[in-house]
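Okay, structure first, notes after.
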Amino acid sequence: MSSCSSLSMDDRVKIGYGSIAGASLSIIGSIGTIILIKIRNKKQEKKLLIQRKQQLSINNLNINSGSSSNIITISNSTTSLSSNNLNIQPPSFPSYSPLPTSISLSNNNNNNKNNNQKTKVSHFIINLSIANLLASIFMITIKLMMIHFNDKFIKVLPSTANHSFNALISVCTIGNGVIGFSFISTFFWTLAISMYIYQQFLSSSTINSNNNNNNINNINNNNNNNINNINNSKNNNSINNFNNSNKSNKIIKMLFYFVCWVIPFVLGSILVSGSRLIELNSDLPWCSIDSNIQLISFYFPLIICLLATTFFTILIKYKFSNDKLACSSSSLINLQSKIIQRLILFLIVILVCWVPSLISFFISFFSKNCKQFLWLEIISSTIQSCQGILNFLSYLSIFKKLKLYFKNLKKKFNNNNSNNSNNSNNNNSNNFNGGGIFYSKGKKVNNQNSNNFYFTFSTFDFDNNQIQEK
């Protein structure tokens with residue numbers, strides 16, 4: 001979508017093939033990301049269903065055996081504390097009416113609906129992958145038509161032939177709009193991921209703090225009314241929280257859809273209106289976008305999204321550093337750390353893909369002769385088309401695994417050169433777990449959070465029930 005015409009026909013062909021190569025890889029990466037998320041979500045749903053059935057069986061067994069009087073329910077189907085573990089004496093009355101099975105079933109159903117209706121990070125990544133997929137498909141189609149079907153590429157539609165020159169509609173001008181729409185949508189969805197994760201970090205800290213205070217107050221109440229008060233308050237709170245969160249999540253979801261799809265579509269339409277045909281008498285006619293319109297409708301939203309995503313990522317990192325000192329849950333710390341690592345990778349991807357394009361645009365924008373560098377144009381066009389495949393690699397944490405692999409390889413090489421064979425063997429056993437890049441470190445591997453190398457980020461739904469200590 002360059003606004004200059006200083007490059008030759010051969011130069012534009014080279015740039016076009018670079019974009020086609022990068023877009024082809026991005027199609028593979030975008031489809032792979034969507035498939036992996038869908039598979040992981042199915043596995044998570046089956047796992048949660050099994051856990052709910054097991055919890056329901058335990059509740060029914062406790063009710064039938066009469067031993068449920070020693071169980072204090074703290075959260076819906078997720079955490080239970082024994083009165084013996086809390087050093088609280090059981091109620092002095094001989095027996096009481098336990099919680100009916102129907103209430104347990106109702107709570108399980110509410111939790112299931114609540115989890116399904118939560119706005120999840122994996123859902124945001126799917127939309128980001130769809131936007132990358134559309135951008136790649138449009139990029140390949142437009143570039144191939146420009147190179148091999150140029151007569152149809154610049155052919156003006158009959159309905160617009162009698163209009164002004166800048167308003168001529170062709171495949172070329174429409175292509176500028178749809179490519180711009182898709183790429184702008186990727187900017188907005190990347191920003192949406194960082195904003196949503198930051199909001200979840202804040203809300204999870206607040207909810208956990210309130211839940212802990214309420215649990216302590218409820219446990220310190222009169223032992224005779226302790227269980228009834230907790231059950232009644234939690235049932236009422238679960239219903240109210242479900243209704244409120246359901247409404248708020250629907251509003252948030254619709255807002256994100258509007259911002260990340262509708263607004264980019266409007267901006268893409270502006271790019272179409274700002275496109276014009278140039279070099280009609282050359283061997284490879286093409287169309288360009290007015291530099292001012294391109295700045296306002298494309299690069300200005302890009303700059304805003306880059307700055308905002310960086311800002312929210314820094315806030316999340318700062319928030320995590322503060323919460324880490326006060327949090328005693330190692331599993332929660334590991335989960336939050338993985339979320340931040342992948343968010344940083346997504347930020348790095350969008351910076352790597354679009355900073356060269358920004359540099360190229362502003363060089364031509366402020367130069368008098370619309371100066372362009374062929375090598376910079378090829379790099380920027382190729383890398384920006386690779387956003388989908390780079391997001392896919394970030395989703396798999398390939399970069400971190402490669403770094404760990406080469407670090408361990410260096411340690412292994414140093415250990416082999418050491419004269420102390422015992423220390424060498426110990427270091428090798430500590431540094432390697434399976435000896436390949438598709439495995440985690442051998443030290444302190446959390447089976448619950450590191451079961452599968454390929455499916456990590458899709459588990460970071462960060463629902464309130466998931467972030468509590470189990």
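The count begins at 1 with the first shown residue.
Glycine too: its Cβ is placed from the backbone N, Cα and C atoms.
Per Swiss-Prot, the feature disulfide bond maps to Cys172-Cys287. Summarising the environment of Cys287 (disulfide bond), the number of other Cβ atoms within 10 Å of its Cβ, over all protein chains shown, is 23.
According to Swiss-Prot, the N-linked glycosylation site annotation covers Asn162, on the basis of sequence analysis.
Look at Swiss-Prot and you will find 1-16 (among others) tagged as topological domain 'Extracellular'. The average pLDDT computed for the topological domain 'Extracellular' (1-16) is 75.
Annotation source Swiss-Prot lists topological domain 'Cytoplasmic' at 38-123 (among others).
Residues or ranges marked as topological domain 'Extracellular' in Swiss-Prot: 145-176 (among others).
For 198-253 (among others), the entry in Swiss-Prot reads topological domain 'Cytoplasmic', with the evidence type sequence analysis.
Here Swiss-Prot flags 275-295 (among others) as topological domain 'Extracellular', drawing on sequence analysis.
Annotation source Swiss-Prot lists topological domain 'Cytoplasmic' at 317-342 (among others), citing sequence analysis.
Taken from Swiss-Prot, the feature topological domain 'Extracellular' covers 364-372 (among others), and the record attributes it to sequence analysis.
Sequence annotations record features per position, and here Swiss-Prot assigns topological domain 'Cytoplasmic' to 394-470 (among others).
The list of residues near the transmembrane segment (17-37) in space but at least 6 beyond its ends in sequence, with Cβ under 8 angstroms from a Cβ of it, reads 122, 125-126, 129-130, 132-133, 135-137, 139-140, 143-144, 147, 378, 381-393, 395-396, 454-455, 458. Swiss-Prot lists 17-37 (among others) with the feature transmembrane segment, giving sequence analysis as the kind of evidence.
Sequence-remote contacts of a segment are chain residues at least 6 beyond its ends whose Cβ falls under 8 Å from one of its Cβ atoms, and for the transmembrane segment (124-144) they are 16-17, 19-20, 23-24, 26-27, 29-31, 33-34, 37, 153, 171-172, 175, 178-179, 182-183, 185-186, 189-190, 192-193, 196, 256, 260, 385, 387-388, 391-392, 395, 457-458. Feature annotation from Swiss-Prot assigns transmembrane segment to 124-144 (among others); the stated evidence is sequence analysis.
Sequence-distant contacts of the transmembrane segment (177-197) (same chain, six or more residues past either end, CB-CB distance under 8 Å): 1, 119, 121, 124-125, 127-128, 131-132, 134-135, 138-139, 142, 252, 256, 259-261, 263-265, 267-269, 271-272, 275, 297-298, 301-302, 305-306, 308-309, 312-313, 316, 339, 343, 346-347, 350, 384, 387, 462. Taken from Swiss-Prot, the feature transmembrane segment applies to 177-197 (among others).
Taken from Swiss-Prot, the feature transmembrane segment applies to 254-274 (among others). With a cut-off of 8 Å between Cβ atoms, the residues of this chain six or more beyond the transmembrane segment (254-274) that come close are 1, 119, 124, 127, 131, 166-167, 169, 173-174, 176-178, 180-182, 184-185, 188-189, 192, 196, 289-290, 292-294, 296-298, 301.
Residues or ranges marked as transmembrane segment by Swiss-Prot: 296-316 (among others). When Cβ-Cβ distances below 8 Å are used as the criterion, the transmembrane segment (296-316) is approached by residues 1, 180, 183-184, 187-188, 190-191, 194-195, 197-198, 201, 264, 267-268, 270-271, 274, 289, 340, 343-344, 347, 350-351, 354, 358, 361 of the same chain, each at least six residues removed from its ends.
Feature annotation from Swiss-Prot assigns transmembrane segment to 343-363 (among others); the stated evidence is sequence analysis.
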Helix, strand and coil totals (DSSP H, G, I; E, B; other) for the topological domain 'Extracellular' (364-372): 3 helix, 0 strand, 6 coil
